[in-house]
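What Swiss-Prot records for Leu73, Gly104, Leu123, Ser124, Ala125, Leu126, Thr127, Leu128 is S-adenosyl-L-methionine binding site.
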Amino acid sequence: MKIQLVAVGTRMPDWVETGFKEYQRRFPRDMALELIEIPAGKRGKNADIARILQKEGELMLAAIPKGNHIVSLDLPGKNLKTPELAQQMNKWLLDGRDVSLLIGGPEGLSPDCKKAAAQSWCLSALTLPHPLVRVIVAESLYRGWSINNNHPYHRE
């Protein structure tokens, strides 16, 4: 199974790149973590945010291979404890499809992305900067993988 992180934003600070890549490299080949970056729309004083969200959403959905299981990362989504995420990852694996996780930009995800998602996951009730979410998701997925594979990374 491949897990795709489809995220808005292309020029992240070095610490984001370093953090994401650290967890990405830990995954085995049979559960690869891939990052697809979508260019953020230009935002300014008079920017049409609804139009920017729509365009970002179109680009995100176009980047997802047909048949992938789509999960949005969004506030109204389901809060998962780490063992629940591990169970969810097992379900994804048994489903036999690759998974695409959608991370929106500063204003979140487009309505079309939310509609296309079969599931919605909420990392926190806190507002998190979208670059940080990449690192948190990568670490959380690695932790879930470690639980499922009896790897000593996760401790109860």
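Including glycine, each Cβ sits where the backbone N, Cα and C put it.
Among the residues Leu73, Gly104, Leu123, Ser124, Ala125, Leu126, Thr127, Leu128 said to bind S-adenosyl-L-methionine, no two Cα atoms are farther apart than 16 Å. With all protein chains in the displayed structure included, the most crowded Cβ environment within 10 Å among the binding-site residues Leu73, Ala125, Leu126, Leu128 is that of Leu73. Per-site Cβ counts within 10 Å over the binding-site residues Leu123, Thr127 peak at Leu123.
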